[in-house]
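Working notes, structure below.
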Amino acid sequence: MRFLLLNRFTLLLLLLVSPTPVLQAPTNLTDSGLDQEPFLYLVGRKKLLDAQYKCYDRIQQLPPYEGEGPYCNRTWDGWMCWDDTPAGVMSYQHCPDYFPDFDPTEKVSKYCDENGEWFRHPDSNRTWSNYTLCNAFTPDKLHNAYVLYYLALVGHSMSIAALIASMGIFLFFKNLSCQRVTLHKNMFLTYILNSIIIIIHLVEVVPNGDLVRRDPMHIFHHNTYMWTMQWELSPPLPLSAHEGKMDPHDSEVISCKILHFFHQYMMACNYFWMLCEGIYLHTLIVMAVFTEDQRLRWYYLLGWGFPIVPTIIHAITRAVYYNDNCWLSTETHLLYIIHGPVMAALVVNFFFLLNIVRVLVTKMRQTHEAEAYMYLKAVKATMVLVPLLGIQFVVFPWRPSNKVLGKIYDYLMHSLIHFQGFFVATIYCFCNHEVQVTLKRQWAQFKIQWSHRWGRRRRPTNRVVSAPRAVAFAEPGGLPIYICHQEPRNPPVSNNEGEEGTEMIPMNVIQQDSSA
């Protein structure tokens, strides 16, 4: 059964592959020559030999044909196995996956004529199976591949822009600084680095036919959210046992593998920093009874340190057991070394959030109703992002066979994958009420300064600025929403003009007021 991966590479990876498969290697190949063959060429040839062996075994094991009338004998056509077929019947099978330019979702046909003989091609007068639909490089598929390719570039570019803007906001406005924002900034950094790596891959590796064609890769992930398919984005080149050889120690091959190594590492960091967000909220709300004094070094260790372990193990095992160029093939279970921990992090985070919601709902029904409500609002962003970022691992393991639904699936799946950084920045920063109020306040101050510069009448600063402060974190219903839970750094003064830290209304104010 084909390996189902989880790799958010992205991979939509429209690799430039257009090999013409060669079924038989020259007879004069030596063992040393075989070692230099493209790795995935050997994998495809092994699949073909396995299928041939199973076919001949099946031909021997099946009972004789018991139908009436003429029929075509079971046979091996060189690529696939065909059972006994009644005369006048067209048999169909899915295309094989031996070759990167074959589309396994398409069908192969073989016709048994009325005389009980397999159809012969008029040009060669030899029995013939129709593999023409297996071509993965049809104009429609190429067009779809180009669209997905540019969708990935746009998605990661927008993600980088949105994440850098969010990082700038959190760094510039000191009143937004707290432990949870520190977690946000680290998670933003992982998404920025991951998007940069993917863009480099799409720009430098994908168009590099000399590198990619030498070891054809399956492009779209056929794992929980991907499906294997090959696309060609440049003129075809043949692939044989001798053509397309590339020294595994070539600098391009090494650079490509290093790039993929860091992509896998950053992808894992994405999800483990999301887990840090969930652990932080769970500790803050469930374990510590609404206290925020937590040591962040353990979060740094989990978010940056732990993902390097499975990434290194994957790199070593991949180099030893499945050393294809760039390590992009999804036809190996070794990818579970990385994606297993990622799935575990998503599951743990999901249960953390369920427990957080349970605790908050209980508190809202009993005591601390206002504060519990505010924490529930603070948890809302993580509650949205965890299923959003993990949906491709859980909800979309199967691509619809219908062509229209399949295209809708492709665009939806790739939008979720390649715009993840944009979603993270939007939900954690741009949609946060506290950030919006801070930006509005800054804009109001800018307009005052601009008006004063041009000689307009300057209105009293305390009236313009303090008004937003008074309602800075208020939402309909009178309950604020916060990024942070922190104590004021100095007592507020009567004119509401203290240090910037006093603008952060602490979470426990409501509890103190209610107990007074």
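Using N, Cα and C of the backbone, Cβ positions are placed for all residues, glycine too.
According to Swiss-Prot, the disulfide bond annotation covers Cys55-Cys81 (among others). Around Cys55 (disulfide bond), the same-chain residues six or more apart in sequence whose CB sits under 8 Å from its CB are Trp76, Met80, Cys81, listed in sequence order.
Packing around Cys112 (disulfide bond) is summarised by its Cβ count: 22 other Cβ atoms lie within 10 angstroms of its Cβ, all protein chains included. For Cys72-Cys112 (among others), the entry in Swiss-Prot reads disulfide bond, with the evidence type similarity to another entry.
In this structure, Cys95 (disulfide bond) belongs to neither helix nor strand by DSSP; it is coil. For Cys95 (disulfide bond), the same-chain residues 6+ apart in sequence whose C-beta sits under 8 angstroms from its C-beta are Phe102, Asp103, Pro104, Thr105, Glu106, Lys107, Val108, Tyr131, Leu133, Cys134. Among the features that Swiss-Prot reports, disulfide bond is placed at Cys95-Cys134 (among others).
Feature annotation from Swiss-Prot assigns disulfide bond to Cys256-Cys326 (among others). Take the CB of Cys326 (disulfide bond) and look out to 10 A: across all protein chains shown you find 22 other CB atoms.
Per Swiss-Prot, N-linked glycosylation site is recorded for Asn28 (among others), and the stated evidence type is sequence analysis.
For the recorded site, Asn73 (N-linked glycosylation site), the DSSP three-state label reads coil. Less than 8 angstroms from the CB of Asn73 (N-linked glycosylation site) sit Tyr65, Asp84, each of them six or more residues away in the same chain. Residues annotated as N-linked glycosylation site in Swiss-Prot, with sequence analysis given as evidence: Asn73 (among others).
A simple way to gauge crowding: the CB of Asn125 (N-linked glycosylation site) has 8 other CB atoms within 10 angstroms, across all the protein chains here. When secondary structure is read from DSSP and collapsed to three states, Asn125 (N-linked glycosylation site) falls in the coil class. The N-linked glycosylation site annotation in Swiss-Prot covers Asn125 (among others), and the record cites sequence analysis as its basis.
Per Swiss-Prot, N-linked glycosylation site is recorded for Asn130 (among others). The Cβ neighbour count for Asn130 (N-linked glycosylation site), using a 10 Å radius over every protein chain in view, is 15.
The annotation region 'Disordered' is assigned in Swiss-Prot to 489-516.
Per Swiss-Prot, the feature signal peptide maps to 1-24; the stated evidence is sequence analysis.
The annotation topological domain 'Extracellular' is assigned in Swiss-Prot to 25-146 (among others). The topological domain 'Extracellular' (25-146): residue composition by secondary structure is 39 helix, 26 strand, 57 coil, according to DSSP.
According to Swiss-Prot, the feature topological domain 'Cytoplasmic' maps to 170-181 (among others), an assignment based on a curator's inference.
The annotation topological domain 'Extracellular' is assigned in Swiss-Prot to 203-256 (among others).
For 280-296 (among others), the entry in Swiss-Prot reads topological domain 'Cytoplasmic', with the evidence type a curator's inference.
Assigned with DSSP, the residues of the topological domain 'Extracellular' (318-333) fall into helix, strand and coil as follows: 8 helix, 0 strand, 8 coil. According to Swiss-Prot, the feature topological domain 'Extracellular' maps to 318-333 (among others), an assignment based on a curator's inference.
The feature topological domain 'Cytoplasmic' is assigned by Swiss-Prot to 358-377 (among others). Averaged across the topological domain 'Cytoplasmic' (358-377), the predicted model reaches a pLDDT of 68.
Neighbours of Cys256 (disulfide bond), defined as other CB atoms within 10 A of its CB across all chains, total 22.
Comparing 147-169, 182-202, 257-279, 297-317, 334-357 for CB pairs under 8 angstroms to the transmembrane segment (405-431), the maximum falls on 147-169. The transmembrane segment (257-279) is not in contact with the transmembrane segment (147-169), judged by fewer than 3 CB-CB distances under 8 Å for residue pairs 6 or more apart in sequence.
A simple way to gauge crowding: the CB of Cys81 (disulfide bond) has 17 other CB atoms within 10 angstroms, across all the protein chains here. Residue with the densest Cβ environment among the disulfide-bonded residues Cys72, Cys134: Cys72, by other Cβ atoms within 10 Å. Reduced to three states, the DSSP call for Cys256 (disulfide bond) is helix.
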